[in-house]
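Student: Not my notes, these are from Swiss-Prot:
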type: DISULFID; residues: 3-17; note: disulfide bond
type: DISULFID; residues: 5-12; note: disulfide bond
type: DISULFID; residues: 74-105; note: disulfide bond
type: DISULFID; residues: 90-100; note: disulfide bond
type: DISULFID; residues: 127-128; note: disulfide bond
type: CARBOHYD; residues: 91; note: N-linked glycosylation site
type: LIPID; residues: 9; note: O-palmitoleoyl serine
């Protein structure tokens with residue numbers, strides 16, 4: 001919520017407030033945290049969609065829940081349009097999702113070293 005004061009010489013005789021959308025980074029951080037804490041709910045009756053969680057219902061009101069496990073994206077699976085991760089280039093020093101531990105799924109990885117020669121069109125200028 002943001003507010004603005006109205007009045008003579010900056011006094012706050014009237015105050016107008018309105019709701020604003022939160023910062024995108026704040027929302028995405030919150031969603032990432034909720035996704036990492038998501039609670040698996042085992043549905044006993046899959047036809048009706050009813051479930052009987054073993055966890056506290058108050059806790060579930062503010063958490064993300066899921067009732068199907070995610071597919072294994074490491075392996076190729078045409079049913080979910082997953083090409084798998086085999087053959088992709090990973091970044092050995094990265095802490096992000098492109099790191100070798102995430103992409104290689106425990107299969108190990110090969111190190112590729114390349115040397116390139118390129119013309120840089122550099123010039124030396126004597127200045128002094």
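The backbone N, Cα and C atoms fix where each Cβ goes, glycine too.
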Student: Of the recorded positions listed here (5, 9, 91, 127, 128), which is spatially closest to residue 17 (disulfide bond) when Cα positions are compared?
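Tutor: Out of the listed candidates, the nearest Cα belongs to 5.
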Student: Under DSSP, is residue 90 (disulfide bond) helix, strand or coil?
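Tutor: In the DSSP reduction, residue 90 (disulfide bond) maps to coil.
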Student: I need the nearest neighbour of residue 128 (disulfide bond) among the recorded positions 3, 90, 91, using C-alpha distances.
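Tutor: Among 3, 90, 91, 91.
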Student: Counting every protein chain present, what is the number of Cβ atoms, excluding its own, within 10 Å of the Cβ of residue 90 (disulfide bond)?
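Tutor: Here the count is 15.
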Student: What residue among the disulfide-bonded residues 5, 17 has the most other CB atoms lying within 10 A of its CB?
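Tutor: Answer returned by the neighbour count: 5.
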Student: Nearest to residue 105 (disulfide bond) by Cα, among 12, 90, 91 (recorded positions)?
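Tutor: Result: the closest of the recorded positions to residue 105 (disulfide bond) is 90.
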